[in-house]
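Working notes, structure below.
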Amino acid sequence: YVAAVYEHESILSPNPAALVDRRSALELMGRNLDIYEQQVVAAARQGAQIIVFPEDGIHGFNFTRSSIYPYLDFVVHSHSVKWNPCREPYLFNDTEVLQRLSCMALKNKIFLVANLGTKQPCEHTDPHCPSDGRYQFNTNVAFNDDGMLVATYRKHNLYFEYAFDTPPDPDYKLFDTPFAGKFGMFTCFDILFFEPAVNLVRQYNLKQVVYPTAWMNQLPLLSAVEFQQAFATAFNVNILAANIHHPTLGMTGSGIYTPVKSFIYHNMEGYGGKLIVAEIPVITTDYKTNLEKTPDRVSEIGNEQVPPTFYAEMMYDNFTFVPVWGEKGELRVCANTLCCYLTYQRAVLTDELYALGVFDGLHTVHGTYYVQACALVKCGGLSFSTCGQEVTDATALIDFQLWGNMSTSYIFPLLLTSGITLDYADHMGWKNNHYFISKNRTSSGLLTAALYGRWYEKD
């Protein structure tokens, strides 16, 4: 089927904390929706059957609970109400944004997914009801090609979003399409947690995911395109991921991903939005991981030249590293219960320092979650203290096999190359209680090859 995602440079309120009236809020959102409309038309012309827009793309961000209120639409969050906002605009008040989105879908005969702020009044008898008598949710909406509202999803894992409430229970929201079957949806930070993202995909055996996000890139392990691809690979799904474009805030990186191929946009230099349209296969069966070329356990390394262990901060966590020296070798590094192993060979020795790092512990900055990671990374310079820094360019071409005795089955294989481009592993999977990833010669210089394990039970 043909899918489209739009990376949108939102027109932002100059002062998001200021209190404005509904008319001013609609005026600002209208300017973003005008751009959406142009992109829907362009995508439909290219044959797209579905288009996805980013998180916060219509209203922006950095609001307070009260300053976002005029920007919120009312949406009925229930399966029982069948509603077409374009055809039935008068059914509910404060639904101007929903009406415009619905009409875009209807006019262009396209499925459309967008993110907006929504409100829902609640009774004080409801124990979860906020003191101002209303819920405010960060919400994805999906419309079918007739403009019908077919699904709403309220973001569960908020990322310092004080204007919004967490829904009392995680939403598992699916919608059906004639061209690719069922799609599930979740938003941004949700991708790092079991609920609802992983549970949704597993429980409903989903093969298609739509994913609005407002993601701030963090190298070396959590740049947007890197993790979006890793999710598609780990769960054998197609992901349509739309990010917003604000390079000054580190926000860029959208794509259409299959488990074996991706169409991405990552641009920290230029301004303006970007429409990606791609034809991708509908996944019907599970790809079998190719396991014939598997590593054996690394033999214990002799004492002559055991490289020194050192510590450095990476992703705000204290990683244990060993340097990756010489043109080839075998390395091991451990922390807590996790040991990581690397065999490597470089085509040419470059004057770049690489290191093999391990982390097995609770990550506590910008969210709390348990990580088990084995990572081969390019360091920022030639001294050990630069390992873990954000690096975007590399020249070293390295053949490698990386593996670890992971305690979780949820492992995201990361493979990032020079210029924030993506590569795919030759082989990956489980062998003898170790998860491994291997690659002969990356397509360009290696930035990161990592096994990013999420041990959800220990969050």
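Every residue number used here counts from 1 along the chain in the order it is shown.
Quick reminder: no glycine exception, Cβ is built from N, Cα and C everywhere.
The feature active site, proton acceptor is assigned by TrEMBL to Glu55. Summarising the annotation, TrEMBL assigns active site, proton donor to Lys155. Per TrEMBL, active site, nucleophile is recorded for Cys188. Residues annotated as domain 'CN hydrolase' in TrEMBL: 15-282.
Over the domain 'CN hydrolase' (15-282) the predicted model carries a mean pLDDT of 97.
Around the Cβ of the residue listed as 'active site, proton donor', the number of neighbouring Cβ atoms within 10 Å comes to 26. In sequence order, Asn115, Asn138, Lys155, Thr187, Cys188, Pro212, Thr213, Ala214, Ile244 make up the list of same-chain residues 6 or more apart from Glu55 (active site, proton acceptor) whose Cβ falls under 8 Å from its Cβ.
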